[in-house]
Amino acid sequence: MLGGAGLVGGVGYFGVLPAWSVSSKADRPLVAHAKRATLSITVSERGNVESCVTVDGICELDGGQNKISYLIPEGTKVKKGDVVVKFDGSEIQKNISQQEIKHKQATARIETTQQEMEIQRNKGESDVIAAEVELTLARLDLEKYQKGDYPAEITKSKGEMEKLKKDVKAEEAKLAQYNALMRKGFKTKDDVRIQESTLEAKKLDYTSSELFLSVKTDYEYKRKSTEFSSKADQAQKKVEQQAATAKAQVSKAASEYEAAKSTAGIEKQQLDAYLAQKEKTVIKAQQEGIVAYSNERYWDPSSQVREGATVYSRQKIFSLPDMTRMQVKVQIHESLIKKIKKGQKAEVRVDAFPSVVFVGTVKSVSQLADSSDSWRSGGIKQYTTIVTIDDIFTHELKPGMTAEARIRVGELSNILVVPVQAIAEHKGDFFAFVEDPGGFHRRKVKIGENNEKLVEVLEGLQEGDTVALDAHARAAAEFKNEDAKEGDGEKPADPPSTTPQPKSP
C-alpha cells in the first residue's frame, strides 16, 4: 500500500512536492495533471530514542549480600570519575586486616627458611670438608705405615739381627779362646761357664730378633695394613654419607624455602584480591551522563536499588547514557528490510519536539530477526535498525522518548507521477479516471514505486493527462454496479482501495 495507509514500515515522502495543477469547479471534482517529477522513497517507522553509548554500572563485588551504603540521586548529571554508588566495605576491611597479618607471617617465613637453607648449606659443606680431611689422614696413615714405618722397622730389626749374629760369632770365638786358655791354665772352668752363658744369651737374643722380624713381616704388616685400609675406606664412606646428608638437608631447606615463597605468593594474591574488592566498593562514572538506576522489577520492593538494599555479584545497578550522542531504535518489517542499508540518510522527528526535524544516518541493520517480541507481532519478522541523530542539538533528548525515523531508501528521477488519490485498485488491477471531452472515464494503468503523496505510472497515462482525485469513490460506484449486473449470485466486491500495493523491491 502507498503512504501510511496500512503499509508496514511506512513508505513515505522525503522532499518537496512538485507544483501540481489542482483545480476544482462546483460541478467537477478535484483534478491533477500527470507530470514528470523526482520521486523520493522513504521507509518510516516509529521507535524509541536511546543513547549511542550507554555504560552500565555493575556490582563487581563477590557474594550475594553486598549492601548499598550510598547512592547519588537518580537523574543526576555526572562527569567521568564522579562517585555514583558505594557499598558497605566493613567486612572487606576486616578481611584485609586479617590477610595482611597472614601475608606478613608468610613473608617472615621466607626469610627464616632462606637463612635455614644457608645454614644447612654451610653445615653440609663443613661436614663434607671434615670428612674429606679424615679420609686424607687415613690414606696418609696407610701410606706412612706401608712406605715409612714398616720399612723402617724391618730395616732396624734386620740391623739388630745382623749385630746379634756378629755378637754370637764373637762370643763363640771368645768361648773357644777361653777353653784353650783353660787347658793352659790361664782360665778357670767358671770363666768358661760364664762365657758359655754369655754365648747362650747372645744366641737367645738373636733368635728373639729373628722371631720378631718374622712376626713383623708375616702378621703385623697384614694386620696394620688392613686396619689402616679399613679406616681409609670408612673415611671414604663418611665423605659420601656427609655429601648425601648435606645435599638432602639443603634440598629439604630449599623445599621449605620454595614452599614459603609459594605460600607468601598465595597470601599476597588473596590480599590483592581483597584490596581489589575494596576498590570495587565504590563505582564511579565511566563517562559523562545522567544516572538511571536499574529497577526493572519495579513491582518488587525488595529488588529496588536503594540505600540499604543488598545486591548480588554482577548485578546491574545503573545505566549511564551519554546524552550528547543519541540514536533511534526502530523495527523494520521483513518485506522492507532489503531496502535498508547502512549509511542511508533519514529524518528523525521526536514526539516531544514535533516542530524539530533532526538529520539522521542508518548506523546498523540487524542480520537476524528480533525474536524477543515476536509473540506480540503475531509471528511477523522485524529487524532492529539503529538510526543515529547527527545534529548537534540543544534540545534535551532523553532515552525512551518516542520518535519517528524516515529513512530515504531511493530516488527516481524524471518519472511520470500522479497523486495517490488518483489511483484506485480493484481485484489486483489499478485504475485512474482520466478527463476527456466526454467527461471522466476509467482507464487501467500500471504503477511502479510510490510514497505517501505520489505514485509512479508506468503505463496507461501520458504527461499532461488530467485525472480525478476522487478515484476511490468513482471506482466504488462503478464496480458495484458492474458486479450487480453480472447476476452470477456472487457477493458484490468490497469497495476498491485508493492505495495501490507497491511492487516488491
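Each residue's number is its place along the chain shown, starting with 1.
Every residue gets a Cβ built from N, Cα and C, even glycine.
What TrEMBL annotates here:
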| type | residues | note |
| --- | --- | --- |
| COILED | 96-123 | coiled coil |
| COILED | 154-181 | coiled coil |
| DOMAIN | 326-406 | domain 'YknX-like beta-barrel' |
| DOMAIN | 417-469 | domain 'CzcB-like C-terminal circularly permuted SH3-like' |
| COMPBIAS | 478-493 | compositional bias 'Basic and acidic residues' |
| REGION | 478-505 | region 'Disordered' |
| COMPBIAS | 494-505 | compositional bias 'Pro residues' |
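The domain 'CzcB-like C-terminal circularly permuted SH3-like' (417-469): residue composition by secondary structure is 3 helix, 35 strand, 15 coil, according to DSSP.
Residues of the same chain lying 6 or more positions beyond the ends of the coiled coil (154-181) and with a Cβ under 8 Å from any Cβ of it are 187, 191-192, 195-196, 198-199, 202-203, 205-206, 209-210, 212-213, 216-217. For the domain 'YknX-like beta-barrel' (326-406), DSSP puts the residue distribution at 3 helix, 40 strand, 38 coil. Taking the domain 'YknX-like beta-barrel' (326-406) as a whole, pLDDT averages 88 in the prediction.
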